[in-house]
Amino acid sequence: MRFALEKRPAPSRLMLGLTPLFAVIATMLAGGVMFWALGANPVEAIRTIFLDPLFDPTFGAYSRPQLLVKAAPLILIAIGLSLGFKAGIWNIGAEGQYIIGAVVGAAVGLAFYPTESRLIFPAMVIAGALGGWAWAMIPAILKTRLGTNEILVSLMLVYVAENILASVASGVLKNPEGRGFPGSRNFARDYPAASNLELLPGTGMHWGVVAAFIAVIAAYVLMTRHKMGFSIRLTGEAPRAARFAGVNPTRLVVFSLGMAGALAGMAGLFEVTGPAGQISIDFGSGYGFTAIIVAFLGRLHPVGILLAGLLMALTYIGGELAQLMLGMPAAAIQLFQGMLLFFLLAMDVFANYRIRIKTREAA
Amino acid sequence: MDLGQINPVLLAASLMVAATPILLAAIGEMVVEKAGVLNLGVEGMMITGAVVGFAVAVNSGSPAAGFVAAALAGAGLALLFGLITQVLKSNQVATGLGLTLFGLGLSSLIGKPYEGIKAPSLGKLDIPLLSDIPVLGPVLFRHDPMVYLSLLIVLGVWAGLKYTRAGLVLRAVGENHTAAHALGYKVIRVRLAAILFGGASAGMGGAYLSLVRVPTWVEGMTAGAGWIALAIVVFASWRAGRILLGAYLFGGVSVLQLNLQAAGVAIPVEYLSMSPYLVTILVLVIISLRGNHGAPGSLGRVFHASS
Amino acid sequence: MNLLKTLAVGAALATGVAGAAVAQDKTKVGFIYVGPIGDGGWTYEHNKARLAVEEHYGDAVETVYQESVPEGADAERAITQMALSGADLIFTTSFGFMDATVAVAEKFPDVKFEHATGYKTADNLAVYSARFYEGRAVQGTIAGHLTESNIVGYIASYPIPEVIRGINSAYIHAKKVNPDIQFKIIWAYTWFDPAKEADAAKALIEQGADVILQHTDSTAPQAAAAEAGNVYTFGQASDMIEYAPMPRVSSIIDDWAPYYIERVGAVIDGTWETADTWDGIGPGMVGIGEISDAVPADVKAEALALKDAIASGEYHPFTGPLNKQDGSVWLAEGETADDGTLLGMDFYVEGIEGEIPN
């Protein structure tokens, strides 16, 4: 007797909904064992990670809005990436597009310092989006003109972007009043016209969160109502059929990479002007890579990505609380997140495949 | 500034040592990619190898046992990746990134008791006679055994892929898994074997850091070496000989910039550091200009036998 | 709209108050670390001082910490959560936490904050830092005597005033005892990358350096020197005693324990006030690790005498006559450097070759 997988003609809707639940339960069990092995109370640890950020009387009021703040860049980037991923276009360099967006946007803002004008922040957002877009156009053009592999070019450009960031943070964008330390002026504190602060105090809502919600809705409409969404889905599911249906692959590559770059660039700009506050050497905090995971956890569906982004944010913030309240090492939290991802990715198989038990025929 | 202070012989010798970890990781990842699988978890496998190799070497007193354990640990992590991506058909990019996260966390938990301890020395081979040859002697014949083993592995991979049946099957699986399956090859098994090899190599590369090059265990000590290994595979356009060239180029740029600084040359460090990646993109462009897309045909795609 | 805003602010304040109210009899002290405790250097020493606080006050205090907190957006949240959890005093132990600490301090006026190596203070926010350059003077003296090649290698991290001060101080004192001294400086652009630090040490050794000073945190340069043989090193941030007596002949230790114990005590007594502390060898914030037997006795005595002179305030490591690298006069005979100049130091003293990047 052996098991065999049989591909479902279409992913099971029931399973798409159920598998994340199963995965979270499995992670709680496996993670509980790990926490127990580390000498912690497993129930308390799991509760701290998953429930305290939401319901704890001391932290809840602060943590709930923070979930939005932490999730917003992940969602914004993942939405952009999902468009390409759906069509089989693999941009894994969102981290680079995020960094360049932040650098270009910040440079525009700093160029106007200390002018106060309502136009500065919108100009920075546009510059950030353009910066990310331009950075994504490099793999896009190489792909469409020469057929160069976009996975690898976009990844290489992450390293280039990180070096550019290090260079400008201690060079042209360095705060002249920063006593020689690397890092730009702080937008959130020192330059109101270029800052991305909470729109309603205590809610965590800043422009990046607003943009993330808009992106989710726009992507949903695009994928279900618009011809481009149809082209993307068709190309991903049946590339040959797409060609017969007259889908222009060049346009598709340029569109999906461009959108991903622009959204990642905007995410970078919202972060640098708000939560992060300034351009610093460590500004690139891996959001571009984490967003890839978020995109897949969300099954490349806009609503799924929204939920996956919030779940990731929950494990980050809950993990911080577990460190703070239970003295858990940071590494244990990292391992726990790794487990959660593995379970979520592994359980995906039940949505896309049916498990059949085959009995071996007698010889 | 005095460039005369840089001794090219010593520079070449230390370049070989600096390049060994990324060489090992890159040659392993190349085999994985040749089989059509993209494992972005190299960093996670390397650091797990670094800590396990260190722990075993310290406890047993034998660096050789450390390297074996590191290879097994790397392969163990790779097996996890293999099962999830090959058997359970998950996305390779996301799973690989998850593997890195997992490995970084795991390694620092394992490593807690080993902080601030010195590693037992691996020693040098100092091959008699040969090591006395002027210039070539110090550059080529006065290293630790792992440097030679890494070169042997590169040679073995080159010959294995080119001349053996197993190599042919591996390449067939990577180029077109559907066709390979139709020919009766066990796509999943071949890929799992390649993934295990990649994990073992990465694990040894990590152990080289913790046992020879640094040599001590510190949390997060790989500091991105796994990502550089990924870049080298691309730079090498999936050829074993060029992996060697790539590893020495990437390792060389970093050693050279430190040497230039020591010699008093003012260099823009960031631009020099990004140059290997720009060169890699250039290589990719040149490959595609030749009309060959370079990467193995099935790279990163999920295989499901619809028999 | 306005009503909504008021409500929201009220809610935010209420949670802040609630957080403070949780505080029990025990004084709760929080620490935010930039690296993992296992880094063997910077964070390791801060954590050692945290344990010293626990040891000293026993049941009167409770400490909490969070390690590997990235500088930037996550820092502000980590500090806020710590304040919400009822901490009475929070130490944020990296320069990059400066603006985040300032922001949180504004929101929690009843919680005391202490930020390491920064320069922004408030009524409830003090800053503290160590005069590492005093230790560098002792190192420079020993290095100048020990070197036979007259070449000292220096692994620097980032071109910021603190690092430049250390280079200048070490150079001035090495030159005093050895006029032929030459410094070779490598900017590693990292605080912590063992492989790169090892490579930097090797490059310096290959180019003739037989003493290596480091301003990066890992023990990798020590190991590289041990392998090369006949090279002297100094422990950095942490004692690195496992490499004594050779190559590690001494060390600069960041000993935060006395300061932390004093400040926690002030919070317990209710006498805490904001301050701008910049302490050196005297108050014990900068420790000189045991000078090993590899150093000749007379050199050791000279180094210890210098250490005592600095500790008592009798001698300032930056005492004129000193010129800047371009030959212009910086300090006249007998004049000592003021803290303002030292804090913003962006020049080499006369005799050091090369340029500071950027």
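Positions of Cβ are set from backbone N, Cα and C atoms, glycine also.
As recorded in TrEMBL, the features of this protein are as follows:
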TRANSMEM  B:6-25  transmembrane segment
TRANSMEM  B:37-58  transmembrane segment
TRANSMEM  B:64-84  transmembrane segment
TRANSMEM  B:93-111  transmembrane segment
TRANSMEM  B:145-161  transmembrane segment
TRANSMEM  B:192-211  transmembrane segment
TRANSMEM  B:217-238  transmembrane segment
TRANSMEM  B:245-268  transmembrane segment
TRANSMEM  B:274-291  transmembrane segment
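Highest Cβ contact count with the transmembrane segment (B:145-161) among the listed stretches B:6-25, B:37-58, B:64-84, B:93-111, B:192-211 falls to B:6-25 (criterion: pairs under 8 Å). The stretches the transmembrane segment (B:64-84) and the transmembrane segment (B:217-238) are not in mutual contact, being linked by fewer than three Cβ pairs under 8 Å (pairs 6 or more apart in sequence). Residues of the same chain lying 6 or more positions beyond the ends of the transmembrane segment (B:217-238) and with a Cβ under 8 Å from any Cβ of it are 21-23, 25-26, 29-30, 33-34, 40-47, 50-51, 54-55, 100, 104, 107-108, 111, 114-115, 117, 119, 202, 205-206, 209-210, 245-247, 249-250, 276-277, 279-280, 283-284, 287, 294-296. Of the candidate ranges B:6-25, B:37-58, B:274-291, B:6-25 contributes the most Cβ pairs within a distance under 8 Å of the transmembrane segment (B:245-268).
With a cut-off of 8 Å between Cβ atoms, the residues of this chain six or more beyond the transmembrane segment (B:274-291) that come close are 231, 234-235, 237, 249-250, 253. Highlighted: of the candidate stretches B:6-25, B:93-111, B:192-211, B:93-111 has the greatest count of Cβ pairs under 8 Å to the transmembrane segment (B:37-58).
Outside the transmembrane segment (B:192-211), and at least 6 residues removed from its termini, the chain residues within Cβ reach (under 8 Å) are 20-25, 27-29, 31-32, 34-35, 37, 39, 42, 45-54, 57, 63, 66-67, 69-79, 81-82, 86, 119-120, 122, 146, 150, 153, 170, 217, 221-222, 225-226, 229.
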